[in-house]
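Features of the protein shown, as given by TrEMBL:
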- 1-24: signal peptide (SIGNAL)
- 71-104: domain 'RNA-binding S4' (DOMAIN)
- 142-308: domain 'Pseudouridine synthase RsuA/RluA-like' (DOMAIN)
- D197: active site (ACT_SITE)
Amino acid sequence: MKQCKVSIISAIVALGIFLSPVNSFHSNNVKANAASTFFNLQSTAVEQEVGIARPVEVSAEVDSENNGAPLDWYLAHSFPQKSRRYFRKKIQDGEVKVNGKTVRRFAKLRTGQVLDLEIEDFAKEIEGAENLSLSVLFEDDDLVAVLKPAGVVCYPVDSQKSGTVLNGLLHHFLETEQQVFANSIETLSKGIVHRLDKDTSGVMIFAKNQKAAKKLSQSFESRETVKRYLGVCYGHVEPKTVVEEPVYRTKNGKMAVLSKKQDTSVISESRVKDSKSVVKCLMHRQGLSLVEVELITGRMHQARLHLKYLGAPILGDPIYGLARVNKDAYQDLGVDRALLHASRLIVQHPRTGEKLDLSAPVPSDMWGVIEDCIARNEFEMQEIIQKSLV
């Protein structure tokens, strides 16, 4: 078994997965997010020391993609350091201006409207540098790519204010004496150009300067990036399937696929987003499939939604998976999260224009399921490689 495992690892290295595309949720969902350049953040008194926080004045213009979005939802997704409840209170207290006027709590946004507000303790939420031993996949003066571990959130939120990728990055920049982000938490958060769910492992890139952030954000928004994921699914899918069903946010806030048979008259057009994924089945055994999903668009939970739509939800997915199957997977295989991994990300370098091809190794928990249940020998891994190259 040990020799077999070494052989399979060698085959996976050839595939470009080694001990190895991105979160089903990235910044296309909210074009104006705290990491992008659509928001203009002006701190009235942010000290040049980590841990000193002051109110930050924020101004934003609503783009066409967020036309019709609820104001509180828009702000909460734009600035994940604060909760939706926090922004609801600010709206109720008249502290959020839309085109210079106060608005009611359930206001819907319109393209071209200008938002103004002040966020208290913006920096304090992510003030701590923590040594998370993040694996750096690539780094230069413009960006850094890291391997995000499963179970780690990208940025601090009300429910988790430490142990995030941003905390780990801050430690990395301080340790390597890089002044770009080490002296400004605000700048650090603006370097996020895409996102991964908490359970999703894999490649994440961060911009190190405003120019790189703008270029990379535009690359994601214009769908010039190649984003590939590996997933272990319960069920079987065709060798290659293109899913183009749109997705939408339900009234209870969850995401869902809008099927052709569904009555669309009761769904607001502004909540429906086009989406496209290319799904390849690399191997199927014992009711489980190893799939590669390329996201052409980048909607929230897109890969997970489309795989559920195909009848093969991600194993361990607590939202879109099957509870009974997940329970058995936990008891028999130790699966305690959605087995989805951002294995590959291809982007254009923001300064040189050259293609940057980034791969991330598959984490051990997902690798163990692949080895034990799906592919047990080198021949089968070679078959997977050939399928993935088509």
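Placement of Cβ uses the backbone N, Cα and C atoms for every residue, glycine included.
Counting residue by residue with DSSP, the domain 'RNA-binding S4' (71-104) contains 17 helix, 4 strand, 13 coil. The 10 Å shell around the Cβ of the residue listed as 'active site' contains 23 further Cβ atoms across the protein chains shown. In the predicted model, the domain 'RNA-binding S4' (71-104) has a mean pLDDT of 85.
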